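Written below as structure tokens is the structure these notes are about.
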């Protein structure tokens, strides 16, 4: 845990409100939205700023995950706990993700956001979705599972595949634990490297407002707020459903495990605003790892649950998939029976894992699901392409909150949760650290 003091780029206590990262990101989002709305061409030209920030964060994700997982597992006294944590995590992921799919299905049937549109699929321009359907066609569960294994030990880091890095880190950490005392100097070195890497994360997070500004200016400038009007029912339904899922479903899970999801959201407000601005939950992954450890979750649990959850615990994406699929069916006048909807649900459960970790995973997963279920026209995806960017923000936020909740829950199940540290973090109370002091990096 020696690295955590250097990772989160937040202002010190009693500082002026402007010096807080979340305030800076919020201001940047507002400014970007204004520029994108009134000067759309200029807003579109700012896309490279947002892309550059996301690339900077992705650059550091692989070493952050590797160091967190390796040092966590290598420091474990009982290696059997690795498999136990993974089993509990996957039980949680499958249960909650399936429930998210069911929630989307129920809401779509009750609200019916696409009813009355009477769209003829043959009149839709499918060229704009060809890229997504092609990627969906190439994505299979078998290919996904084989893709977890890197070609070489180093390629896992050069290709930026989170699951490949996670696999290498788990194997490396287990190997160090089995070696025992001879590996202790290497473990100490990796812990000190963590200090430097997490200091780098803190430096990169200072650029978060700039990245959020460029990303939101591009989104509003290219698609415009007006693009929300025609498909407003779908967007509003999705946002409201996601909010209810977080507050009711995740809130109930949180209460059952002794904490408040609303306090957890407040604790992660800077990261959530960063996700909102960039439409990418990966942008806040390094800080999430650190903050969950600060909130009392053991490093070994955080290192396993968070990166795995980014591929297997996609609550927001699952709500979107069933809701969007039924919206397209309703808009195109396709009446799906209960059996067909259940078949859609089962296919979505599999395809959501097959497309995990792919850029634009939500839309690609939807294409994969519709291509397997012939009752709903794939061409109907063209209807929602224009507003998918706006919905991707909500998907990312819901996914992010879901993974934070999952980490605390699995840590509690495993007996690896410091309840006092969690209460102190969620209630904003200072807590004295018992970690050994470390020489700070040069500013």
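Cβ atoms are placed via backbone N, Cα and C, with glycine included.
Keep in mind that TrEMBL annotations are predicted by a computer and have not been checked by a curator.
Summarising the annotation, TrEMBL assigns transmembrane segment to 21-39, 59-77, 89-111, 162-180, 201-221, 233-254, 323-350, 362-387.
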Which of 21-39, 59-77, 162-180, 323-350 contacts the transmembrane segment (233-254) most, counting Cβ pairs under 8 Å: 323-350
Result, the transmembrane segment (323-350) in contact with the transmembrane segment (89-111) (3+ CB pairs under 8 Å): yes
Residues of the parent chain within Cβ reach of the transmembrane segment (21-39), under 8 Å, 6 or more residues beyond its termini: 9-11, 46, 205-206, 208-210, 212-222, 224-225, 269-270, 273-274, 276-277
